Amino acid sequence: MMLLTQSMFIHANPFRLTCRILVPHLSSIKKQSLRMTSTNPEKSIKRCAWVTNASPNEILYHDTEWCRLPIDSKHHSDSYLLELLTLEGAQAGLSWSTVLSKRENYRKLYHSFDLDKILLMNEDAFIDIQGVIRHKGKLMSVLGNAKVVKEIQHEFGSFSEYIWSFFKIPYTPIVTRFNDLKQYPTTSNESILLSKDLKKRGAKFVGPTIMYAFLQATGFVDDHQIDCFLAQSNTDHDVKRESKKRKV
């Protein structure tokens, strides 16, 4: 997930909208995106500003994954959630483009983020590795984070259910629509509380800003800009929440 970081204009949040999003089937969006990326995407369609002049990988990621939940269940698989948590942690101090270009190598290293297989890994798995960000702390953190996710599964049934437990209205993404990237937040009540609890459980590289980026990446938060073609106007709820009144 791509957090709108300071290098991309950091933001403040005067209000938030909570709503249900009605989106077309992912496969149709992916086909549409592939057509668009082959014909100068910057001119053919409006996307979020952080995608301007982005690589084809970033454009496809924006169009088919970022800020998107599965349309049928509101639940990603726990393997997918751990993958995005890993990528967001790996991004700390780096560009999203750098991390995204190494995604397949992370999948190979961590056995497609199969929790049981990751739990059998140790630091020997990282000797002479290539194609990933060679930061021992970040690489080792995935082993510990997988253990935390496994424990959460026993307690909540799934990592997804655990994450929804931090939301005022479960299974309802928080949607924010602004014109300017500077208006968007980098943390939220949900990301702060989620970060605190995960750290208490022993997870690493799960600070509030990383967790907000993770919530964006996985669709628990939808921060597409108002003029982006993926911005949705269909709502079941219209709840304004002023950031200055929010307490943690």
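Cβ coordinates come from backbone N, Cα and C, glycine included.
Where the annotation comes from TrEMBL, it is an automatic prediction and has not been curated.
Noted in TrEMBL for the protein shown:
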- CYS48, HIS62, HIS224, CYS228: Zn(2+) binding site (BINDING)
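Sequence-distant contacts of CYS48 (Zn(2+) binding site), defined by Cβ-Cβ distance under 8 angstroms and a gap of at least six in the same chain, are HIS62, LEU181, HIS224, GLN225, CYS228, LEU230. Using a 10 Å Cβ-Cβ cutoff, HIS62 (Zn(2+) binding site) registers 22 neighbours. Excluding CYS48, HIS62, HIS224, CYS228 themselves, the residues of that chain whose CB lies within 8 A of the CB mean position for the Zn(2+) site are, in sequence, ARG47, TRP50, VAL51, TRP66, CYS67, ASP223, GLN225, PHE229, LEU230, ALA231.
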